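Following: one structure in structure tokens, then a few remarks.
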Amino acid sequence: MGTTRVGVIGARGRMGVQAVRAITAADDLELAAEVGSADPLSVLTDAGAQVVVEFTRPDAVLENVRWCVERGLHVVTGTTGFTPERLDVVRGWLAAAPGVGVAVVPNFALGAVLMMRFAELAARWFESVEIVELHHPQKVDAPSGTARLTAERIAAARASAGLGDLPDATTDEVQGARGATIDGIPVHAVRARGLVAHQEVLFGGAGETLTIRHDSFDRVSFMPGLLLAVRRVADRPGLTVGLDPLLDA
Ligand SMILES: NC(=O)C1=CN([C@@H]2O[C@H](COP(=O)(O)OP(=O)(O)OC[C@H]3O[C@@H](n4cnc5c(N)ncnc54)[C@H](OP(=O)(O)O)[C@@H]3O)[C@@H](O)[C@H]2O)C=CC1
Ligand SMILES: O=C(O)C1=N[C@H](C(=O)O)C[C@H](O)C1
């Protein structure tokens, strides 16, 4: 079996540097191109990239994905900011590009994927739930993509179990004191020096709580999941959201 040629957009960022290192070390992958914010995307096609890894910023990712899809390049992106509306935009581009796969993966860490699954499983059994995401202070967006996906999945699980609103008699005396809400689930964002990427999902029921926590202490934690997505994205035309469908493939 031949090697897959992989380009990286955002190659000099915190995640891009790790991705370049992991792709270079993988026997079945070949690093074709490294693209920074000052480079033209045509570097990717000139270098014959087949799969593109994208780690940039929420305000840059859509244009990068569109450019790749229009040229028949498969994309694996971990960049945040993918609302349901943005995902629909990507689906629209893919409808005109049969055979092209795009994977939007808010968190590549296998522990984080399991944390979300466990939270989804627990959701129907607890009256209360809140999400606390904790990150390094250079992070440009809040809430994290991981918290957004976790909240959406918990909300869907609660709805299908027939659970109603969360119990909460509190009125915010200072705006934001109770955090943000995504699909009715409270989400709190902490930024502190020393953190990398962490999340707690706190469930509450009569006389008990359950806390599900995941910690990424180092960005190497994202690399096994990223490489798995790079290897499988071409076999999944259309849009894939989250790592789960690729893990189960
Ligand atoms: N899915 C996952 O598992 C993970 C996802 N992330 C997400 O990945 C994204 C990147 O995170 P991180 O690496 O920490 O961020 P960084 O700020 O360290 O890196 C972003 C890089 O993207 C470059 N860039 C910005 N705009 C463009 C553009 N238009 N074209 C090409 N390159 C561009 C920047 O270059 P320059 O400095 O020149 O502007 C910078 O090198 C974030 O959205 C983050 O939340 C992070 C960790 C894990
Ligand atoms: O910016 C980060 O660092 C991270 N971003 C992703 C997110 O917003 O969920 C994944 C991980 O939490 C690290």
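Placed from the backbone N, Cα and C atoms, the Cβ positions cover glycine too.
The annotation active site, proton donor/acceptor is assigned in TrEMBL to His135. Within 10 Å of the C-beta of His135 (active site, proton donor/acceptor) we count 22 further C-beta atoms, all protein chains included. Reduced to three states, the DSSP call for His135 (active site, proton donor/acceptor) is strand.
Under the heading active site, proton donor, TrEMBL lists Lys139.
The annotation NAD(+) binding site is assigned in TrEMBL to Gly10, Ala11, Arg12, Gly13, Arg14, Met15, Glu34, Gly78, Thr79, Thr80, Val105, Pro106, Asn107, Phe108. Arg12 (NAD(+) binding site) counts 14 other C-beta atoms within 10 Å of its own C-beta, drawing on all protein chains shown.
TrEMBL lists 5-108 with the feature domain 'Dihydrodipicolinate reductase N-terminal'.
Secondary structure of the domain 'Dihydrodipicolinate reductase C-terminal' (111-244) per DSSP (helix as H, G, I; strand as E, B; remaining residues coil): 47 helix, 40 strand, 47 coil. Residues or ranges marked as domain 'Dihydrodipicolinate reductase C-terminal' in TrEMBL: 111-244.
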Within the domain 'Dihydrodipicolinate reductase N-terminal' (5-108), how many residues are helix, strand or coil going by DSSP? 39 helix, 24 strand, 41 coil
For ligand 1, which among the recorded positions Gly10, Arg12, Val105, His135 have a CB under 6 Å from it? Gly10, Arg12, Val105
Lys139 (active site, proton donor), number of other Cβ atoms within 10 Å: 16
Near ligand 2, which of the recorded positions Val105, Asn107, Lys139 have CB less than 6 Å from any of its atoms? Asn107, Lys139
